[in-house]
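K.L.:
The following block contains the structure, expressed as structure tokens.
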């Protein structure tokens, strides 16, 4: 971790200050491995349940025996030290009283007292190893920030040999330095050594070396470069060589993993007859000009298995999903490593993998698990070219979904943090009418009013703001349950007064002969899962929830779901909606505890790994189809339709089914989440001609 302080003047004239971690209150000690000798002979791990991969009961192995830490005198400073021992950048919290369950064996440390800046837990004060008067009901736990230390030694994280001291790699343009548009794709290879930036001697330089460097810098591939031009240019410039003899295989995720040699301080002759190594990288579609992007998309072979990332907070990270038989599914993390992760990253137009994630670190998927035990050499052009095992449902679960974090090109965007300042002195509005799809890299790429601003006023009331987060919820509807529970009910009007008050009936119900007659309702159950990495909470706080006397409940969100009946060409013929009068954890996965319930004006929400069930027999869990004529239709359900609550992925919020209504009965089939099928399968679904009989094929 290197504290930095960077001032940068943006084109908009905004002065940004990127502060070091010390400014934010977390200690940033030197990570020099030579000073960590106190931790030698100790091993650390997180254990217990329910927990996420970056939290748990702290266990230490000493003299071959695993043990725990007592929570007496435990503080956040101690948690910082332990999280770094575990390979994370810092702690965000800690727990006491065996929150993750009691451990077994020895209690190695008691009354642990740390300043937070120690290199090792052995530097903290305590009662001594194995000296404790605690029981395992007092075991301490930590909650670490879900961010790995650069170069931390772990099977799924890039391990950089510290004695090589290649801390960073960059491409420096030979001409026009500082005036070239970002990202820089061609230039001299430079490595950052303790004494500063140095060039690399090009003797023996190969395409494999260029492939590794481009991958580190966020580019999927490399191309030939005019070395004659750069050699001629090199004769007119002075150079500082620090590295030579680089020999990569081409599958390495970091230059430090290649065979290489450093010049010694007393080497007077460096790179005789040679020149600085030069690379030219090919950017992926997201970072290439739009015309190039279209060209690459059109060049994809038809029918080829595809890959995508879901659930990530940044481009180039997420849960790995693959397309098989026109249906998307996940990949089991068994034998998942950096080679396989790098194949995925490059296939998607990013660089090599920065991290191969296991244990559903990017959230759990739903539906099929297509692949397991993927073994890539790193040279494959597609994940489907790697040897793998086709699995059955018993082989793996979605708690083992694999994910990746890819290297991305430097585009000048530094922060993910949220900054607030007084907007009372703002004198100009520069953008209005901004509409983004969510995949853009900057607001300039979003649709907006341009120079024709519709918001002329300035000041706090008229300025847009954001709150950024590394994690978000991800709601997903259980489509099979909708199909299984759909049926028609003719409900008497005298039983629908409350539903009418909450606007759950078609507009024609207002002119009905109340309380006589009935309304025809299409009923079904909705089971809404949170598969994200943060709890789903209502946008409004409890103080603004609205009490509805008729049903005796609070509405925390006015619109939580939209229910629609559409014709095959998309025309809406019936609609319904449901307010979130009770967002709660109905059930949870085996290792997850419920947090939210509506009883006694409780907190509302859906915990990660839990689901909220709206049964078919409760009010407003329907569509009023009284005015719908017999025919073939599409049933559509959309969760969080107004995007009022942040989610990591909105593409899976819609569910669609084919249905046939003959005026008396209804058949619902082929229910699926909006992004569960391939584009071709979705087109076939939308061209659905309807059924000619009651037989479902």
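Using the three backbone atoms N, Cα and C, a Cβ is placed for every residue, glycine included.
Because TrEMBL annotations are produced automatically, they should be read as predictions rather than curated entries.
As the structure is a computational prediction, the values presented were derived from the model and not from experiment.
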K.L.:
Kindly point out the range from 205-232, 233-260, 261-288, 289-316 that TrEMBL annotates with region 'Disordered'.
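P.N.:
TrEMBL lists region 'Disordered' for residues 289-316.
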K.L.:
If you count the C-beta atoms lying within 10 Å of each candidate's C-beta, which of the disulfide-bonded residues 114, 332, 386, 436 ends up with the smallest number?
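P.N.:
Least crowded of the disulfide-bonded residues 114, 332, 386, 436, by Cβ count within 10 Å, is 436.
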K.L.:
What are the helix, strand and coil residue counts for the domain 'SRCR' (44-145) according to DSSP?
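P.N.:
Secondary-structure breakdown of the domain 'SRCR' (44-145): 16 helix, 35 strand, 51 coil.
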K.L.:
Relative to the Cα of residue 386 (disulfide bond), which of the disulfide-bonded residues 83, 124, 248, 332, 436 has the closest Cα?
P.N.:
332
K.L.:
Spatially speaking, which of the disulfide-bonded residues 124, 248, 332, 376 is closest to residue 144 (disulfide bond)? Use C-alpha to C-alpha, please.
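P.N.:
That would be 124, the closest of 124, 248, 332, 376 to residue 144 (disulfide bond).
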K.L.:
With every protein chain in view, how many other Cβ atoms are within 10 Å of the Cβ of residue 396 (disulfide bond)?
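P.N.:
I count 21 other Cβ atoms within 10 Å of it.
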K.L.:
For residue 124 (disulfide bond) and residue 258 (disulfide bond), what Cα-Cα distance in Å is obtained after rounding to a whole number?
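P.N.:
About 37 Å separates the two Cα atoms.
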K.L.:
Which number gives the other C-beta atoms within 10 angstroms of the C-beta of residue 248 (disulfide bond), all protein chains shown included?
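P.N.:
The answer is 21 other Cβ atoms.
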K.L.:
Of all the disulfide-bonded residues given, namely 70, 134, 345, 446, which is spatially nearest to residue 83 (disulfide bond) at the Cα level?
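P.N.:
Answer for the nearest of the disulfide-bonded residues: 70.
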K.L.:
Residue 114 (disulfide bond) to residue 134 (disulfide bond): how many Å between their Cα atoms?
P.N.:
19
